[in-house]
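The structure is given below, and queries will be raised subsequently.
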Amino acid sequence: MDARSMWLYRLYYSNTCQWTLSLTIFLILLLAFVETPSSLTSTADVRFRSAPWDPPCGLTESVEALCLLVFVADVSVKSYLVGWAQFRKNPWLLAYLAVLVVSLADWIVSLSLVCQEPLRIRRLFRPFFLMQNSSMMKKTLKCIRSSLPEMASVVLLLALHLCVFTMLGMLLFTGEKQDDGQDRERLTYFRNLPEALTSLLVLLTTANNPDVMTPAYSKNRAYAIFFIVFTLIGSLFLMNLLTAIIYNQFRGYLMKSFQTSLFRRRLGARAAYEVLSSMSTRGEAHPRGVGVDPQDFLQVLQRVQLDSHQKPVIMEKVRSYGGDLLSAEEFQKLFNEFDKRVIKERPPRPEYRSPFLRSAQFLFSHRYFDYLGNLIALGNLVSISVFLVFDADVLPGDRDDFVLGILNCVFILYYVLELLLKAFALGLRGYLSYSSNVFDGLLTVVLLVLEISTLAVYRFPHPGWKPEMLGLLSLWDMARLVNMFIVFRFLRIIPSMKLMALVASTILDLIKNMRAFGGILVVVYYIFAILGISLFRGVVVVPGNGSLAPDNSSAPCGSFEQLEYWANNFDDFAAALITLWNVMVVNNWQVFLDAYRRFSGPWSKMYFVLWWLVSSVIWVNLFLALILEVSAEAPSCPWGLALLALAAGSPLECPRPLMCGGTRPPGGLGAAIRRLAPAGAGGLAGPWVPASG
């Protein structure tokens, strides 16, 4: 790689360029909320929604054009850095180029039609820009692709299960009398094949249980056996079998990603060692030996972007070796400094000469003073909860907030006093060095401002005191609402409780490692929302305006109209997201299936069933697999232990296979490294190479 390519590589992976690329991806995804149909209305309910603001033609298209130009520059730089030969072999880069070509062509068509085209194909491809920029999302998709055959076999069994029980149900429920329970069951749930399939599919999610069996069960107890057997086989066996298959594919998902990153780092470290060691012996008639000159390493280190606390530590470590050449083992040990946690030093506390002030400083910086603050905060929450219970049956206009107003003033005064005393004991810098103090201080300042504003507007609390509501909330209600955030003070006691600390650490690990899964969910939501807008925009119409929907008063109980689900539509992007979320939860999703069947046709069921499969079945099971993986990794094979074992060159044995799909490469990670680079001067053999994966 020449100097120009190296300069371009460092520029591309600089924080500025990467943040610019991330901001561009966020911006192009955000356009869906603004462009036609716009989501800039206060409500999505078709009965009360005002006419949305539609941007003029060329406004959002200009922003989109800028984003596409950034992506063109991105793919150009990537193709230059990897080379044309590697570019042609990389399917993601080829797909990146194809998506850009299609998007630019569709953008030109939009402008030529003055933004009146019925369908914008490029909107469906926008989530691709998010996927191609995340290596973890690519790995997740790869694991999903590898598990698709097994998932397809279970889905096929589910389909067979549905078909068999659908035919059995249509044969069972053939009542002859008009008032017969069998006939009511047939007319309501088994009228024809599509209706019967839909009823049992919804029963598979237990959303319509026991409604679906009530007419027949009321006639004869024996009919309950049909529905119980169907639920046992479908919901409790086949659906859980699908969960087990997905989890089996994702066992070791996190550990494998960690090992891959560590392998790449070691490979890069060895390559850097070879380059720097060759520079150390260049031009010398009598080389001192094989190794890296510390001065050469320090010169390179000055030009590398590192955290402010890491660079001085590594420089000090290099200088500790003196002027001798660094061996491969010593060179690798330098990179172990990246894995060490930096303990933040607290600013020194102020020193007071007076014995009284020193005693006060000791008292107000003691942990028992924090316990007292937590106790006061608990009393604050209890007082709010008690008054909420007592005022539940009292009309808002008849309430008397005199006592609660006095208590609120007392609690806020204590929080202010606590802030000042802690700042006195720890010093301002010491007080701000604790994140918990920053949160408490910020909350106290907000509460103080709201309380002063409340007293200025409504005067001091007195008997019969009731602040009037101005807008959505009064200042008094806002103060009480912010006051509830005091509950977060109790999070600081978690580290002192072992079991709770373990659960909290698992939750934190889950949050850190679910970005790829969250990204996959964003992609799926985005694509289905765009498809929903294209298919169902405008089909939900207010009754009386040419709609097929009956009036609320004449609508059947439990229907879309009677439940007033008018805000669940696909008339804009934000409304589509909320509708998809409500369907993903699967509670009452049969209402959506029935309503959109009546509004747009029976084919609409295919859209909602496909969304249920992707979101509720596949993604929710992926999320469950991630939770099991994170919780299982914590006690059995921690990341810290894996890091120490791999860094020390000792075997790493975990109780489960560590590769995606449940298999481990022969010989482990160390053998894989040795196969990639044979032992010798140019290889990866050495004491820092792990013996096994």
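Glycine is no exception: its Cβ is also placed from the backbone N, Cα and C atoms.
Look at TrEMBL and you will find 12-34, 93-115, 154-173, 222-247, 368-390, 402-421, 442-461, 481-504, 516-536, 573-596, 608-628 tagged as transmembrane segment. Look at TrEMBL and you will find 23-250, 366-629 tagged as domain 'Ion transport'.
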Averaged over the domain 'Ion transport' (366-629), what pLDDT does the predicted model reach?
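On average, pLDDT over the domain 'Ion transport' (366-629) sits at 82.
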Where else in the chain does the transmembrane segment (442-461) make close Cβ contacts, counting only residues six or more beyond its ends and a cut-off under 8 Å?
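Result: 401-402, 405-406, 408-409, 412, 415-416, 418-419, 467-468, 475-476, 478-479, 482-483, 485-486.
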Taking residues 6+ outside the transmembrane segment (608-628), which of them lie with a CB under 8 Å of any CB in it?
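For the transmembrane segment (608-628), the far contacts come to 140, 144, 151, 155, 201, 205, 239, 242-243, 246-247, 249-250, 253, 510, 513-514, 517, 520-521, 524, 528, 580, 583-586, 589, 592-593, 596.
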